[in-house]
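J.: Structure incoming, see below.
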Amino acid sequence: MRSNMIKKGPEQAPARSLLHATGQIKSPEDMNKPFIAICNSYIDIVPGHVHLRELADIAKEAIREAGGIPFEFNTIGVDDGIAMGHIGMRYSLPSREIIADAAETVINAHWFDGVFYIPNCDKITPGMLLAAVRTNVPAIFCSGGPMKAGLSATGKALTLSSMFEAVGAFKEGTLTKEDFLDMEQNACPTCGSCAGMFTANSMNCLMEVLGLALPFNGTALAVSKERRALIRESAFKLMDLVKRDIKPKDIVTKEAIDDAFALDMAMGGSTNTVLHTLALANEAGIDYDLERINEIAEKTPYLSKIAPSSSYSMHDVHTAGGVPAIINELMKREGILHPDRMTVTGDTLRDNNAAYTIQNEEVIHTLDNPYSEHGGLSMLHGNIAPLGGVIKVGGVDPSIQTFTGAAICFDSHDAAVAAIDNHTVRPGHVVVIRYEGPKGGPGMPEMLAPTSSIVGRGLGKEVALITDGRFSGATRGIAVGHISPEAAALGPIALIEDGDMVTIDLVHRTLNVDVTDDELKQRKARLQPFKAKVKSGYLARYTALVTSANTGGVMQIPEHLL
């Protein structure tokens, strides 16, 4: 056992004394059992995490029953919805790296034999995922689960995205104060991750197809008995993984990354999943070509349209068969998934999901009746985005296949929001928000406020937005993010000028500005070098080390320092 490093031999007597002092060692025999870390993320200010202390207690009890000794520790968490639209959002993506580093530190410092990860919301799941692959200790994930969908006084289904769009409608005068306050009180009725196919739920669903979590991890409600049963079952499965020495890198292969993107396409997941899955590939040492994502989109049908792209919530998906039913449906067509891969159950992806079928074909469509023959996400390339940009095509009105408009440029999120609110942005514009990438932001903040304001003002089909920042999973409309290289890295998005004609072509997956190469070269020669916005603290260190979105926005030490 790994943990023998801290508990065996006369040299470790001081360590054993300290271990006895924790209260977790109940008898001398416990020193012969596997030490299991519970990497929790309980925090009071994040509704998706307020109940995780209870779930960790269930996991600890089950681990003891299964013959292990549990030790719980906690990571930080940022609520993207609360941090939205101010400096707090600049800490959101960087928090992923802190979580990964913190988990790595505790796991490796104490030589745990296995790790039970309990994440839920946006950056916590991917942060723990990076730690799991980096430490490569037998591990399992069981998230906290989604919240119930809200319900307005008029009976309208609500999610957090409804609330963000309501802000624009209220400012526009098309929503009364009474209805606005009613929505505010009822949009988030329980604990759990937000009820739509936003980043948290997207990532927790992907954990199932990656093979690191049990079926229904992504959809069983936070408040359900099923969630608690899933925690218990996951604990017993983890102990089996420890005995069999099955590690995350045995499960996270290039084929697993492919399958994660395929499920993402089938469910129209958040664009943030692209960022996090590329970061996972990087951490696992997997060379992953971005063009592979479009190849997967070409062969993967869009089967389940979930809020904000429809009124269906994660609970609706769960009762319709959940992720297992979607996986089983995709397995019916040869070549979409790699169903014979190893998973944390010790069985294959096929074995885990073959028994589940679609229970409601309105919520989860069949292969014979997809929303689209192609996936809900696309990578775009062109002279604005030589290294790519991403759009959630499932959140774009199907009538829009191309959009050409005049650029209106902003060097910050706040300037763009002000221009949208004061009606400077008008139909036919392509809003360009730059210097908001990983380095430029810093922290690649989400552009949910401007996209929600555009949709809330009724301009969702008449105004497009492109950015080197990113979007919330709650974003919909003609919105291209993750443009790489970012402006702070002298990317071409920095060269666009007001009035330039920009074309977004969803059919050919291109993003171009109608400016000659010679003119772009001249503009680049005049471009001033980027100066870091933050000079001290964590964000200053992050700015110095972070890469653009095409590599997952990971932190890398310059080669000359290695």
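Note: Cβ is positioned from N, Cα and C throughout, glycine not excepted.
Quick paste from Swiss-Prot:
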- Asp80, Asp122, Lys123, Glu446: Mg(2+) binding site (BINDING)
- Cys121, Cys194: [2Fe-2S] cluster binding site (BINDING)
- Lys123: N6-carboxylysine (MOD_RES)
- Ser472: active site, proton acceptor (ACT_SITE)
J.: Per residue, counting other C-beta atoms within 10 angstroms of the C-beta, which of the binding-site residues Cys121, Cys194 reaches the highest number?
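T.: Per the Cβ count, the most surrounded site is Cys194.
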J.: Enter the number of other CB atoms within 10 angstroms of the CB of Glu446 (Mg(2+) binding site).
T.: 32
J.: How many neighbouring Cβ atoms, not counting its own, are there within 10 Å of the Cβ of Asp122 (Mg(2+) binding site)?
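T.: Result for Asp122 (Mg(2+) binding site): 34 neighbouring Cβ atoms inside 10 Å.
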J.: Give the helix, strand or coil assignment DSSP yields for Asp80 (Mg(2+) binding site).
T.: helix
J.: Just the number: how many Å between the Cα atoms of Cys194 ([2Fe-2S] cluster binding site) and Lys123 (Mg(2+) binding site)?
T.: 14
J.: Any idea what DSSP makes of Cys194 ([2Fe-2S] cluster binding site), helix, strand or coil?
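T.: Where Cys194 ([2Fe-2S] cluster binding site) sits, the three-state DSSP reduction gives coil.
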J.: With H, G and I counted as helix, E and B as strand and the rest as coil, say where DSSP puts Glu446 (Mg(2+) binding site).
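T.: Glu446 (Mg(2+) binding site) sits in a strand per DSSP.
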J.: What number of additional C-beta atoms lies within 10 angstroms of the C-beta atom of Ser472 (active site, proton acceptor)?
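T.: Other Cβ atoms within 10 Å of Ser472 (active site, proton acceptor): 28.
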J.: Just checking: which of Asp80, Glu446, Ser472 have a Cα that is within 10 Å of the Cα of Cys121 ([2Fe-2S] cluster binding site), counting only these recorded positions?
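T.: Cα within 10 Å of Cys121 ([2Fe-2S] cluster binding site): Asp80.
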J.: Counting only residues 6+ apart in the same chain, whose Cβ is under 8 Å from the Cβ of Asp80 (Mg(2+) binding site)?
T.: Met89, Ser92, Cys121, Asp122, Lys123, Thr199, Glu446, Ser472
J.: Counting across all protein chains shown, how many other Cβ atoms sit within 10 Å of the Cβ of Lys123 (Mg(2+) binding site)?
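T.: Result for Lys123 (Mg(2+) binding site): 29 neighbouring Cβ atoms inside 10 Å.
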J.: Within 8 Å of the centroid of the Cβ atoms of Asp80, Asp122, Lys123, Glu446, which other residues of that chain place their own Cβ, given that this set defines the recorded Mg(2+) site?
T.: Val78, Ala83, Met89, Ser92, Leu93, Cys121, Thr199, Asn272, Ser472
J.: Name the secondary structure element type, per DSSP in three states, that contains Lys123 (Mg(2+) binding site).
T.: coil
